[in-house]
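Heads up: the structure comes next, in C-alpha coordinates.
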(Lines of atoms letter the chains of each structure in order from A and count residues from 1; the text may use other names and numbers.)
(Lines give C-alpha, C1' and ligand atoms only; values in the text may rest on other atoms or scores of the structure.)
Protein backbone atom coordinates (compact mmCIF):
# COMPACT_ATOMS: atom_id res chain seq x y z
CA UNK A 1 0.00 0.00 0.00
CA UNK A 2 1.31 3.47 -0.88
CA UNK A 3 2.49 5.71 1.91
CA UNK A 4 1.85 9.40 2.42
CA UNK A 5 4.60 11.61 1.04
CA UNK A 6 5.16 14.81 3.01
CA UNK A 7 7.08 16.68 0.33
CA UNK A 8 9.32 19.70 0.90
CA UNK A 9 8.88 23.46 0.92
CA UNK A 10 11.24 23.68 -2.05
CA UNK A 11 8.35 22.42 -4.17
CA UNK A 12 6.85 25.90 -3.86
CA UNK A 13 9.63 27.31 -6.06
CA UNK A 14 9.70 24.48 -8.59
CA UNK A 15 8.48 25.77 -11.99
CA UNK A 16 6.47 22.63 -12.65
CA UNK A 17 4.72 22.90 -9.30
CA UNK A 18 4.00 26.59 -9.81
CA UNK A 19 2.45 25.89 -13.21
CA UNK A 20 0.34 23.16 -11.66
CA UNK A 21 -0.87 25.42 -8.85
CA UNK A 22 -1.80 28.19 -11.29
CA UNK A 23 -3.58 25.60 -13.44
CA UNK A 24 -5.62 24.42 -10.44
CA UNK A 25 -6.63 28.00 -9.68
CA UNK A 26 -7.73 28.65 -13.26
CA UNK A 27 -9.41 25.29 -13.78
CA UNK A 28 -11.33 25.55 -10.51
CA UNK A 29 -12.37 29.11 -11.35
CA UNK A 30 -13.79 28.00 -14.70
CA UNK A 31 -15.45 24.91 -13.21
CA UNK A 32 -17.14 26.82 -10.38
CA UNK A 33 -18.15 29.70 -12.64
CA UNK A 34 -20.00 27.29 -14.94
CA UNK A 35 -21.31 25.04 -12.18
CA UNK A 36 -22.62 27.75 -9.88
CA UNK A 37 -23.69 29.82 -12.88
CA UNK A 38 -25.83 26.94 -14.13
CA UNK A 39 -27.53 26.71 -10.74
CA UNK A 40 -28.20 30.46 -10.78
CA UNK A 41 -29.57 30.25 -14.33
CA UNK A 42 -31.85 27.37 -13.36
CA UNK A 43 -33.19 29.41 -10.45
CA UNK A 44 -33.73 32.45 -12.68
CA UNK A 45 -35.66 30.41 -15.24
CA UNK A 46 -37.89 28.92 -12.56
CA UNK A 47 -37.67 26.11 -10.05
CA UNK A 48 -33.92 25.73 -9.93
CA UNK A 49 -32.66 22.49 -8.48
CA UNK A 50 -36.02 21.91 -6.79
CA UNK A 51 -37.51 20.57 -10.02
CA UNK A 52 -36.40 17.50 -11.94
CA UNK A 53 -35.71 19.59 -15.04
CA UNK A 54 -33.66 22.11 -13.10
CA UNK A 55 -31.77 19.38 -11.26
CA UNK A 56 -31.04 17.57 -14.53
CA UNK A 57 -29.78 20.76 -16.16
CA UNK A 58 -27.47 21.52 -13.24
CA UNK A 59 -26.21 17.93 -13.17
CA UNK A 60 -25.53 18.00 -16.92
CA UNK A 61 -23.68 21.31 -16.67
CA UNK A 62 -21.47 20.01 -13.88
CA UNK A 63 -20.80 16.77 -15.73
CA UNK A 64 -19.73 18.59 -18.88
CA UNK A 65 -17.54 21.22 -17.25
CA UNK A 66 -15.85 18.67 -14.97
CA UNK A 67 -15.05 16.46 -17.96
CA UNK A 68 -13.55 19.35 -19.90
CA UNK A 69 -11.57 20.86 -17.03
CA UNK A 70 -10.15 17.52 -15.89
CA UNK A 71 -9.11 16.81 -19.46
CA UNK A 72 -7.61 20.28 -19.86
CA UNK A 73 -5.52 20.01 -16.71
CA UNK A 74 -4.70 16.32 -16.75
CA UNK A 75 -1.14 16.70 -18.03
CA UNK A 76 -0.40 19.95 -16.16
CA UNK A 77 -1.71 19.52 -12.62
CA UNK A 78 -3.80 16.37 -12.87
CA UNK A 79 -6.98 18.43 -13.18
CA UNK A 80 -8.07 17.92 -9.58
CA UNK A 81 -10.32 21.04 -9.17
CA UNK A 82 -11.31 19.62 -5.78
CA UNK A 83 -9.48 19.40 -2.42
CA UNK A 84 -11.15 16.03 -1.77
CA UNK A 85 -9.67 14.66 -5.00
CA UNK A 86 -6.28 16.09 -4.08
CA UNK A 87 -6.36 14.55 -0.60
CA UNK A 88 -7.70 11.29 -2.00
CA UNK A 89 -4.73 11.10 -4.36
CA UNK A 90 -2.36 12.06 -1.53
CA UNK A 91 -3.74 9.14 0.48
CA UNK A 92 -2.61 6.87 -2.35
CA UNK A 93 0.83 8.46 -2.54
CA UNK A 94 0.25 10.18 -5.89
CA UNK A 95 0.92 13.73 -4.68
CA UNK A 96 2.83 15.09 -1.70
CA UNK A 97 0.99 16.64 1.22
CA UNK A 98 2.88 19.90 0.74
CA UNK A 99 1.81 20.18 -2.89
CA UNK A 100 -1.69 19.12 -1.83
CA UNK A 101 -1.87 22.14 0.47
CA UNK A 102 -0.80 24.42 -2.38
CA UNK A 103 -3.42 22.87 -4.66
CA UNK A 104 -6.15 23.27 -2.05
CA UNK A 105 -5.30 26.94 -1.50
CA UNK A 106 -5.43 27.55 -5.25
CA UNK A 107 -8.74 25.69 -5.57
CA UNK A 108 -10.34 27.70 -2.77
CA UNK A 109 -9.10 30.96 -4.28
CA UNK A 110 -10.34 30.02 -7.74
CA UNK A 111 -13.77 29.12 -6.39
CA UNK A 112 -13.99 32.33 -4.38
CA UNK A 113 -13.06 34.51 -7.35
CA UNK A 114 -15.60 32.73 -9.56
CA UNK A 115 -18.46 33.25 -7.11
CA UNK A 116 -17.58 36.86 -6.36
CA UNK A 117 -17.47 37.55 -10.09
CA UNK A 118 -20.82 35.81 -10.61
CA UNK A 119 -22.36 37.92 -7.85
CA UNK A 120 -20.99 41.08 -9.48
CA UNK A 121 -22.01 40.17 -13.03
CA UNK A 122 -25.58 39.24 -12.07
CA UNK A 123 -25.98 42.39 -9.99
CA UNK A 124 -27.57 40.50 -7.13
CA UNK A 125 -30.54 39.54 -9.30
CA UNK A 126 -30.04 35.92 -8.27
CA UNK A 127 -28.45 34.94 -4.96
CA UNK A 128 -25.36 32.77 -5.18
CA UNK A 129 -26.74 29.35 -4.14
CA UNK A 130 -25.12 27.85 -1.05
CA UNK A 131 -24.98 24.15 -0.29
CA UNK A 132 -27.16 23.10 2.63
CA UNK A 133 -29.00 19.90 3.60
CA UNK A 134 -32.61 19.70 2.47
CA UNK A 135 -35.30 20.18 5.11
CA UNK A 136 -35.59 17.03 7.18
CA UNK A 137 -32.07 15.87 6.33
CA UNK A 138 -29.96 16.09 9.48
CA UNK A 139 -26.29 16.98 9.56
CA UNK A 140 -25.17 13.40 10.18
CA UNK A 141 -27.09 12.07 7.19
CA UNK A 142 -25.80 14.90 5.01
CA UNK A 143 -22.21 14.13 6.02
CA UNK A 144 -22.75 10.45 5.25
CA UNK A 145 -24.30 11.29 1.86
CA UNK A 146 -21.38 13.55 0.95
CA UNK A 147 -18.88 10.92 2.08
CA UNK A 148 -20.50 8.21 -0.07
CA UNK A 149 -20.82 10.45 -3.12
CA UNK A 150 -17.21 11.59 -2.83
CA UNK A 151 -16.06 7.99 -2.36
CA UNK A 152 -17.83 7.20 -5.63
CA UNK A 153 -16.12 10.12 -7.36
CA UNK A 154 -12.62 9.21 -6.16
CA UNK A 155 -13.16 5.55 -6.96
CA UNK A 156 -13.97 6.60 -10.53
CA UNK A 157 -10.90 8.87 -10.65
CA UNK A 158 -8.64 6.02 -9.57
CA UNK A 159 -10.23 3.46 -11.87
CA UNK A 160 -10.39 5.58 -15.03
CA UNK A 161 -7.54 8.09 -14.70
CA UNK A 162 -4.95 7.00 -12.13
CA UNK A 163 -4.78 3.25 -12.72
CA UNK A 164 -2.56 2.94 -15.79
CA UNK A 165 -3.59 -0.67 -16.36
CA UNK A 166 -7.02 0.46 -17.49
CA UNK A 167 -7.23 1.10 -21.23
CA UNK A 168 -9.50 4.12 -20.84
CA UNK A 169 -7.22 6.87 -22.10
CA UNK A 170 -8.90 10.12 -23.05
CA UNK A 171 -12.28 8.77 -21.92
CA UNK A 172 -11.20 9.01 -18.27
CA UNK A 173 -12.17 12.67 -17.70
CA UNK A 174 -15.50 12.13 -19.47
CA UNK A 175 -16.31 9.18 -17.22
CA UNK A 176 -15.38 11.21 -14.14
CA UNK A 177 -17.71 13.97 -15.30
CA UNK A 178 -20.52 11.46 -15.79
CA UNK A 179 -20.09 10.23 -12.22
CA UNK A 180 -20.33 13.81 -10.95
CA UNK A 181 -23.54 14.35 -12.91
CA UNK A 182 -25.05 11.07 -11.73
CA UNK A 183 -24.16 11.83 -8.12
CA UNK A 184 -25.82 15.24 -8.34
CA UNK A 185 -28.99 13.58 -9.58
CA UNK A 186 -28.80 11.06 -6.73
CA UNK A 187 -27.76 13.30 -3.85
CA UNK A 188 -28.70 16.81 -4.90
CA UNK A 189 -32.19 16.73 -3.36
CA UNK A 190 -30.75 15.59 -0.02
CA UNK A 191 -27.31 17.02 0.76
CA UNK A 192 -26.76 19.16 -2.33
CA UNK A 193 -24.17 16.71 -3.69
CA UNK A 194 -21.17 18.99 -3.43
CA UNK A 195 -18.43 16.33 -3.24
CA UNK A 196 -16.03 19.27 -3.27
CA UNK A 197 -15.10 21.62 -0.42
CA UNK A 198 -13.94 24.26 -2.90
CA UNK A 199 -17.24 24.11 -4.80
CA UNK A 200 -19.02 24.86 -1.51
CA UNK A 201 -16.51 27.39 -0.18
CA UNK A 202 -16.84 30.01 -2.92
CA UNK A 203 -20.63 30.32 -2.69
CA UNK A 204 -20.52 30.40 1.12
CA UNK A 205 -17.98 33.22 0.98
CA UNK A 206 -19.90 35.21 -1.63
CA UNK A 207 -23.21 34.80 0.23
CA UNK A 208 -21.77 35.06 3.75
CA UNK A 209 -23.62 31.91 4.81
CA UNK A 210 -21.58 29.43 6.84
CA UNK A 211 -24.14 27.61 9.00
CA UNK A 212 -23.80 24.17 7.39
CA UNK A 213 -20.56 24.72 5.54
CA UNK A 214 -18.57 22.31 7.71
CA UNK A 215 -20.62 19.41 6.32
CA UNK A 216 -19.05 19.95 2.91
CA UNK A 217 -15.58 19.60 4.33
CA UNK A 218 -16.12 16.69 6.69
CA UNK A 219 -18.06 14.44 4.30
CA UNK A 220 -15.83 14.81 1.21
CA UNK A 221 -12.61 14.68 3.22
CA UNK A 222 -13.74 11.35 4.68
CA UNK A 223 -14.97 9.81 1.45
CA UNK A 224 -12.12 10.94 -0.80
CA UNK A 225 -9.13 9.60 1.14
CA UNK A 226 -11.06 6.44 2.06
CA UNK A 227 -11.62 5.70 -1.64
CA UNK A 228 -7.92 6.26 -2.30
CA UNK A 229 -6.90 3.85 0.42
CA UNK A 230 -9.43 1.22 -0.66
CA UNK A 231 -8.50 1.36 -4.33
CA UNK A 232 -4.77 1.35 -3.62
CA UNK A 233 -5.10 -1.48 -1.14
CA UNK A 234 -7.49 -3.75 -3.02
CA UNK A 235 -7.32 -3.01 -6.73
CA UNK A 236 -4.01 -1.48 -7.77
CA UNK A 237 -1.93 -4.63 -7.32
CA UNK A 238 1.77 -4.82 -6.46
CA UNK A 239 4.33 -2.84 -8.49
CA UNK A 240 5.08 -4.51 -11.79
CA UNK A 241 1.92 -6.62 -11.68
CA UNK A 242 0.22 -7.07 -15.04
CA UNK A 243 -3.36 -8.30 -15.38
CA UNK A 244 -3.92 -11.60 -17.17
CA UNK A 245 -4.43 -11.30 -20.93
CA UNK A 246 -8.01 -11.51 -22.10
CA UNK A 247 -9.59 -13.11 -25.12
CA UNK A 248 -12.47 -11.44 -26.90
CA UNK A 249 -14.81 -14.15 -25.70
CA UNK A 250 -13.90 -13.75 -22.02
CA UNK A 251 -16.27 -12.11 -19.59
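Numbering starts at 1 and runs along the chain as it is shown here.
Cβ atoms are placed via backbone N, Cα and C, with glycine included.
Checked against Swiss-Prot, the range among 79-99, 142-162 recorded as transmembrane segment is 142-162.
Counting Cβ pairs under 8 Å to the transmembrane segment (101-121), the stretch among 20-40, 52-72, 167-187, 215-235 with the most such contacts is 20-40.
Listed as Cβ neighbours of the transmembrane segment (52-72) (distance under 8 Å, sequence separation of 6 or more from its ends, same chain) are residues 27-28, 30-31, 34-35, 38-39, 42-43, 45-46, 79, 81, 161, 170, 172-174, 176-178, 180-182, 184-185, 188-189. Counting same-chain residues at least six beyond the ends of the transmembrane segment (167-187), those with a Cβ under 8 angstroms from any Cβ of the stretch are 55-56, 58-60, 62-68, 70-71, 74, 79, 145-146, 148-149, 152-153, 156-157, 160-161, 193, 195.
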